[in-house]
Amino acid sequence: MATAGGGSGADPGSRGLLRLLSFCVLLAGLCRGNSVERKIYIPLNKTAPCVRLLNATHQIGCQSSISGDTGVIHVVEKEEDLQWVLTDGPNPPYMVLLESKHFTRDLMEKLKGRTSRIAGLAVSLTKPSPASGFSPSVQCPNDGFGVYSNSYGPEFAHCREIQWNSLGNGLAYEDFSFPIFLLEDENETKVIKQCYQDHNLSQNGSAPTFPLCAMQLFSHMHAVISTATCMRRSSIQSTFSINPEIVCDPLSDYNVWSMLKPINTTGTLKPDDRVVVAATRLDSRSFFWNVAPGAESAVASFVTQLAAAEALQKAPDVTTLPRNVMFVFFQGETFDYIGSSRMVYDMEKGKFPVQLENVDSFVELGQVALRTSLELWMHTDPVSQKNESVRNQVEDLLATLEKSGAGVPAVILRRPNQSQPLPPSSLQRFLRARNISGVVLADHSGAFHNKYYQSIYDTAENINVSYPEWLSPEEDLNFVTDTAKALADVATVLGRALYELAGGTNFSDTVQADPQTVTRLLYGFLIKANNSWFQSILRQDLRSYLGDGPLQHYIAVSSPTNTTYVVQYALANLTGTVVNLTREQCQDPSKVPSENKDLYEYSWVQGPLHSNETDRLPRCVRSTARLARALSPAFELSQWSSTEYSTWTESRWKDIRARIFLIASKELELITLTVGFGILIFSLIVTYCINAKADVLFIAPREPGAVSY
């Protein structure tokens, strides 16, 4: 009689089912991991880190350890509160939270000296701005990279004559071994302080009990020592690795430039072609990465120049002027004149349509929004004027400016002491290459009026830009502020002076800057970039560059930046003309016989809103507004230790974030670890035993045997 066959081992199907169940349990655990993390940690989403920057000689900025730095939060509201952090507190390291008004050099020096007890620093942005001023920049900006040196005006080198930024404390140029973050959201700051009060506040001087509120900051930087070191490492990686790990990038972007009369950009001007240069800077910075409002240090001046360019372009005889005018907006001037030094380099090498020998005169706008008694100061270089020819040219330049200012009562042009040097300015880089007649227009005769130079406080409030509370955002956009009127007056003086410097004689009085243009530009750059006017002047694919807040003017390493694009398109729309081309023709004008891409740039912009206020009327704008590379020549030449050109780089990083959570005592952490380890061992033993006895525990049911007849 036949019998049914049966196996003594575990059924493979049962083992497969066991593996499937184990996988499902593991997957469920992973899926629940994020949920558990959200219950433990509160992420801080509106923060700005201090990052590491490097140059030819050293590194500045901040960083955390590779796994982030964690510390018990302690709020410092007055100087005495530091004692707990530096000596008395029993649970170091501490994460210090302080209001921005306490963010001073003296306090930072104390923290820097006790790094074993400091995990990091969180700075809450508070208002109003410190009345005494705050500037983390140095007192002599761009020292060593301007025109003055031991061989050229040694008495003016290193700001021996004038400390231009007298309030500068140099914090932004220090190196800190712990992370420092700016808290930009007031609500997040309140959450942190509430957590501190609930868990960390000591009673009667005694130590608080666990759990304690802690903060963790991640900002580990990949680059170290200097630009030469990090660029060399990146170069080696790029040469020998399939997937190179770049550790730093040069600070770079694009200069924005345009010509009053179009020129062929595929060649260079003839030697006898004369060009008047009107220049200003686009960038600023602060202690924190990509927080650079730059209202007085940058925005007011480039807004004024945009308005002057618009006014000059409307002059009736602009196409017949004997000399051309070039408007230039330099990027990276904060970091040792990146933009201007690159343009001078390209001019010298014949890589730019305008050559140095074509420059007839140079008019630069410095800081111009904080004038006192209506005064605008005309700064010149005393050293180059030792040459009689240059002195006569400068005298003619100043006389032209004074004549132009005479028709604008709201602007009083003044000459500082003739032996006074130039303030930090792009003109200095041109003077290093060639003696030219130039002037820098500024609201200060000596040290800066700007108490918040290159700081988080150089905002709209610093230049008195404010709006009535009852107005809507659209009404704010078109509300002409007193600051806009004042800057429009300066733009009118500049426009008329440029008209006369270009050889114009008949229509100087018709050159008039529009306060409406100035107020729209100020609102867009300092209050809300995502507004109807900025939307109308940009390409559709650039809409994402417009946020609901102000634009930031840090040069960065990814380019072009938001500011660069918006300034380019603002310049194009203010000085260009709308041409009757289709979208396809605008994007490829070479197919249109009457158009010339060597002379003009063509942009298909969104245009103004249709009457139904939902659709836009796109159009093609033809202008001479272009971009030119603003990368220091040091990186073109691989001279990473250069003292001639800027060598600033920005370190790369993997993770930038901040979060708070409750931290247990060391004893409880040890107990938890021990129990967890015990459970792990027990689980492994149980798993081993089950696996060893699987043939007994998981016996497959016998199949019914075959029946014999």
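Cβ coordinates come from backbone N, Cα and C, glycine included.
Listed in Swiss-Prot for this protein:
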| type | residues | note |
| --- | --- | --- |
| TOPO_DOM | 34-669 | topological domain 'Extracellular' |
| CARBOHYD | Asn45 | N-linked glycosylation site |
| DISULFID | Cys50-Cys62 | disulfide bond |
| DISULFID | Cys140-Cys159 | disulfide bond |
| CARBOHYD | Asn187 | N-linked glycosylation site |
| DISULFID | Cys195-Cys213 | disulfide bond |
| CARBOHYD | Asn200 | N-linked glycosylation site |
| DISULFID | Cys230-Cys248 | disulfide bond |
| CARBOHYD | Asn264 | N-linked glycosylation site |
| CARBOHYD | Asn387 | N-linked glycosylation site |
| CARBOHYD | Asn417 | N-linked glycosylation site |
| CARBOHYD | Asn435 | N-linked glycosylation site |
| CARBOHYD | Asn464 | N-linked glycosylation site |
| CARBOHYD | Asn530 | N-linked glycosylation site |
| CARBOHYD | Asn573 | N-linked glycosylation site |
| CARBOHYD | Asn580 | N-linked glycosylation site |
| DISULFID | Cys586-Cys620 | disulfide bond |
| CARBOHYD | Asn612 | N-linked glycosylation site |
| TOPO_DOM | 691-709 | topological domain 'Cytoplasmic' |
Conformational class of Cys248 (disulfide bond) under the three-state DSSP mapping: strand
Residue among the glycosylation sites Asn200, Asn387, Asn530 whose Cβ has the most other Cβ atoms within 10 Å: Asn200
Neighbours of Cys248 (disulfide bond) among the recorded positions Cys140, Asn264, Asn464, Cys586, Asn612 (Cα to Cα, within 10 Å): none
Averaged pLDDT score, the topological domain 'Cytoplasmic' (691-709): 67
Distance from Asn612 (N-linked glycosylation site) back to Asn387 (N-linked glycosylation site), taken between C-alpha atoms, in Å: 63
Rounded Cα separation (Å) that holds between Cys195 (disulfide bond) and Asn187 (N-linked glycosylation site): 12
When distances run from the Cα of Asn580 (N-linked glycosylation site) to each of the recorded positions Cys62, Asn187, Asn264, Asn435, Cys586, the nearest one: Cys586
Other CB atoms within 10 A, centred on Cys140 (disulfide bond): 19
Candidate recorded positions Cys213, Cys230, Asn435, Asn464, Asn612, pick with smallest Cα gap to Cys586 (disulfide bond): Asn612
Residue among the glycosylation sites Asn45, Asn264, Asn464, Asn573, Asn612 whose Cβ has the most other Cβ atoms within 10 Å: Asn573
Nearest of the recorded positions (Cys140, Cys159, Asn464, Asn573, Cys620) to Asn187 (N-linked glycosylation site), judged by Cα-Cα distance: Asn464
Neighbour-count leader, CB within 10 A, glycosylation sites: Asn187, Asn417, Asn435, Asn580: Asn435
Residues satisfying Cβ distance under 8 Å from Cys213 (disulfide bond), sequence separation of at least 6: Val72, Ile73, Ile192, Cys195, Tyr196, Asp198, His199, Asn200, Ile660, Phe661, Leu662, Ile663
